[in-house]
Amino acid sequence: MESNGTHGLEGDPDLQFLLVGGELIKIRSKSWKKNRFFKLQEDCKTLWYESHKTFRRKQTFSIDDIASVRKGRQSEGHNKHTHSNEEDQCFSIIFKGRKKNLDLMAANEGEAKQWVNGLEKIMSNMLNLSRQQKSEHWIINCMRKADKNDDNKMTLKEVKHFLRQVNVEVDDTYAADIFKQCDKSNSGSLEGTEIKHFYDLLTYREEIDVIYGQYAHTEGQMSANDLLNFLLNEQREQVSMKDALKLIEKYEVDETAKQKKCMSKDGFLMYMHQEDGSILNPAHKQVYQDMHQPLNHYYISSSHNTYLMADQLKGPSSTEAYIKALMKSCRCVELDCWDGANGEPVIYHGYTLTSKVLFSDVIKAIKEYAFKTSDYPVILSLENHCTVDQQKLMAHHLISILGDALVSKPLGNNMPTNFPSPEELKQKFLIKGKRLNKLDAALNNNSFIEEDTVSEEDEAADCKENDQKTKPKKSKIKLAKALSDIVIYCKSVHFSGFEHAKDTQAFYEMSSLKESKAFNLAETSATAFIHHNMEKLSRIYPAGSRTDSSNYNPVPMWNAGCQIVALNFQTPSKEMHINQGRFLPNGGSGYILKPEFQRSLSSQFDPSTLSKGPWLKKKTFNVMVISAQQLPKINKDKHKSIVDPLLAMLRFVVEDYDSTSQNDHIGHYCLPITSVQSGYRHVPLLTKRGDVICSAGLFVHLMLVDQ
């Protein structure tokens with residue numbers, strides 16, 4: 001059987017293995033390990049497994065709900081509840097959103113591989129096919145395959161099955177209506193030309209017909225010259241005849257049209273739904289910016305309280321939270337470190353009911369997943385509350401687990417005067433934290449002290465202020481030399497004003513500012529703030545009062561040149577959507593080169609006076625939303641969502657109107673205007689948590705013109 005998830009996998013042994021199914025051990029704890037039968041259903045899009053709960057004997061979940069499948073003991077559950085000698089039998093299904101991981105164990109290594117390989121093949125196929133505009137031949141072929149009894153007729157039930165195969169979201173009433181329109185013979189089934197009519201009604205796009213008709217001047221089709229005119233006039237692209245011919249070769253589905261060097265309407269639809277017709281400039285899907293500039297010349301995707309999966313009072317702490325952030329190309333993660341039992345440091349939100357996770361387990365997870373989606377450096381921001389003995393153990397874990405990837409001394413042989421570049425720091429880890437002395441003193445071996453006292457982290461003091469309602473005196477903590485020595489380019493210091501920083505701070509000394517202080521500085525001392533960030537790093541973090549893990553608007557902080565603008569990645573929100581859009585280009589590397597006026601010391605840029613100045617280039621940006629395709633069915637839980645394009649960011653939000661309460665969020669997409677392609681473009685849609693909604697999208701027209 002062929003479905004949307006298995007096109008091209010016919011006869012694949014891994015797929016056949018999943019269709020037969022088999023016993024797996026479901027693992028929840030050391031004492032709860034139960035045999036359960038798992039099987040891929042015939043639609044090849046749903047996984048079924050038995051449940052021994054009396055009220056729910058059978059359970060299913062969609063393959064589309066799976067974020068990834070991990071082979072081995074690569075989850076918190078497996079690490080806690082299985083043995084290292086069972087590594088090859090273990091695998092985990094990681095779901096999108098907050099649904100718990102499914103930790104499983106096969107009977108042997110071979111079966112584990114088949115489960116992992118089979119699921120990954122189906123997921124990959126579903127993703128690839130959802131990105132494609134299906135041709136008439138492909139659609140009709142699928143319809144024939146949905147004909148269960150091979151009588152060359154399709155009943156309404158078979159039509160509904162076909163719609164599920166091609167990821168078309170329609171309700172039963174609409175399906176029945178379109179079926180009735182096509183059933184001219186009133187036989188209760190479709191056959192011959194009726195099936196073709198059904199396809200035409202299903203795929204009809206009036207707006208595409210109009211656009212295509214305006215340029216299809218060659219026997220009802222677009223010649224290469226017609227297509228070139230479309231690209232030049234509508235898409236505003238700098239292209240030649242050679243480029244037009246490449247598009248025909250790449251997207252045309254009709255061989256006769258391709259031989260005539262023409263593009264049919266099916267080919268045009270295919271082009272419009274691929275990356276060349278996407279709103280995002282395809283060149284920006286790769287690393288295209290200069291990555292050889294100093295580290296402080298970049299915005300860096302950054303997470304606050306990375307260990308939390310939910311709120312900051314009683315939510316769980318987990319290595320999974322680090323993995324999810326890193327897989328989204330987050331390049332600065334936070335570790336809130338406290339003394340743990342048995343001499344082992346732990347990570348959690350101090351003085352709260354949040355759960356604890358071992359420091360060593362977090363470092364292992366970071367090591368494993370740091371460079372899966374980006375090769376560029378990861379900063380570990382330590383908030384250190386540990387005693388000296390456990391600090392020494394922290395240093396030991398960092399050095400032994402991260403190995404040569406840990407930057408434990410300056411690059412080169414001499415005392416540095418500036419940051420190295422992201423390119424020089426590829427696949428490297430930097431530690432941000434307190435240091436006992438200046439970097440040059442350490443290089444000259446002038447310090448033999450094993451421990452000494454330093455001021456507490458600014459963020460720790462701010463949290464105390466929030467807890468106690470009164471401002472406490474800044475306390476001191478003892479710092480172990482072993483931990484101090486691996487802080488190289490990101491030494492934490494208290495912020496005492498821009499003039500003080502200019503006169504006394506070394507380039508590698510950086511301050512963390514809570515949002516209220518940073519926003520005030522951006523409003524009252526914008527130019528000084530920008531110049532400060534031309535030479536040094538700044539980290540901004542949410543106020544301690546945000547116990548629900550909500551977020552502040554990151555845009556004003558980027559406007560002030562702040563590099564490490566830390567947000568709660570665990571909270572789906574408008575602010576996180578903007579952050580995701582900001583770091584979407586440049587290959588999703590987690591690093592975006594700041595504008596030249598935020599890097600040049602001669603700049604007088606002031607974000608508070610955006611209406612004037614030599615940096616100002618006025619443009620008019622016209623956006624017309626023409627249509628939407630295959631919007632998903634939504635849950636009825638209410639969440640705040642506002643359509644709000646900010647500054648140089650463009651954000652689309654699709655909502656389901658509700659006259660009695662807040663509108664339901666259906667999907668969104670955000671990207672920098674500098675990465676937008678003009679003309680008629682397809683806009684993909686993401687869920688609140690940033691996952692792609694298969695097949696859903698908007699069709700828009702965009703035009704950026706000088707005033």
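Each residue, glycine too, has its Cβ placed from N, Cα and C.
Taken from TrEMBL, the feature active site covers His304, His349. The substrate binding site annotation in TrEMBL covers 26-53, Lys432, Lys434, Ser512, Arg539. Per TrEMBL, the feature Ca(2+) 3 binding site maps to Asn305, Glu334, Asp336, Glu383. Marked as Ca(2+) 4 binding site by TrEMBL: Ile642, Asp644. Annotation source TrEMBL lists Ca(2+) 5 binding site at Asp656, Tyr657, Asp658. Annotation source TrEMBL lists domain 'PH' at 17-124. The annotation domain 'EF-hand' is assigned in TrEMBL to 134-169. Among the features that TrEMBL reports, domain 'PI-PLC Y-box' is placed at 483-599. What TrEMBL lists as O-linked glycosylation site is Ser185.
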| remark: When each of the recorded positions Thr46, Ser185, Asn305 is scored by other CB atoms within 10 A, the minimum falls on Ser185
| query | Quick one: DSSP breakdown of the domain 'PH' (17-124) into helix, strand and coil? | reply | 35 helix, 45 strand, 28 coil
| request: If we count other C-beta atoms within 10 Å, could you say which of the recorded positions Lys34, His304 has the fewest? | output: Lys34
| said: Applying a 10 Å Cβ distance cut-off over all chains shown, what neighbour count does Tyr657 (Ca(2+) 5 binding site) have? | reply: 6
| field | Cα separation, Glu42 (substrate binding site) to Ser185 (O-linked glycosylation site) (Å, whole number) | value | 31
| field | Nearest of the recorded positions (His304, Asn305, Glu383, Tyr657) to Lys30 (substrate binding site), judged by Cα-Cα distance | value | Asn305
| said: Across the domain 'PI-PLC Y-box' (483-599), what does the mean pLDDT come to, as a whole number? | reply: 94
| remark: For the domain 'PI-PLC Y-box' (483-599), the DSSP helix/strand/coil residue counts are 49 helix, 20 strand, 48 coil
| said: Let me spell it out: for each of the binding-site residues (Glu42, Glu50, Asp656, Asp658), count the other Cβ atoms within 10 Å of that residue's Cβ, using every protein chain shown. Which one has the most? | reply: Glu50
| said: I need the nearest neighbour of Asp656 (Ca(2+) 5 binding site) among the binding-site residues Phe38, Glu50, Asn305, Asp336, Lys432, using C-alpha distances. | reply: Asn305
| said: For His349 (active site), which of the listed recorded positions (Phe38, His304, Asn305, Asp336) have their CA atom within 10 A of its CA? | reply: Asn305, Asp336
| query | Hey, what's the Cβ neighbour count for Glu383 (Ca(2+) 3 binding site) at 10 Å? | reply | 25
| query | Taking each of the recorded positions Lys26, Lys30, His349 in turn and counting other Cβ atoms within 10 Å of its Cβ, which one has the fewest? | reply | Lys30
| remark: Cβ atoms other than its own within 10 Å of the Cβ of Phe38 (substrate binding site), all chains, total 20
| request: Sequence order is fine: just name those binding-site residues in Lys26, Lys34, Glu334, Asp658 with a Cα within 10 angstroms of His304 (active site). | output: Glu334
| field | Nearest-integer angstrom distance between the alpha carbons (Cα) of Glu383 (Ca(2+) 3 binding site) and Phe38 (substrate binding site) | value | 43
| request: To the nearest whole angstrom, state the Cα distance for the pair Tyr657 (Ca(2+) 5 binding site) and Thr46 (substrate binding site). | output: 30
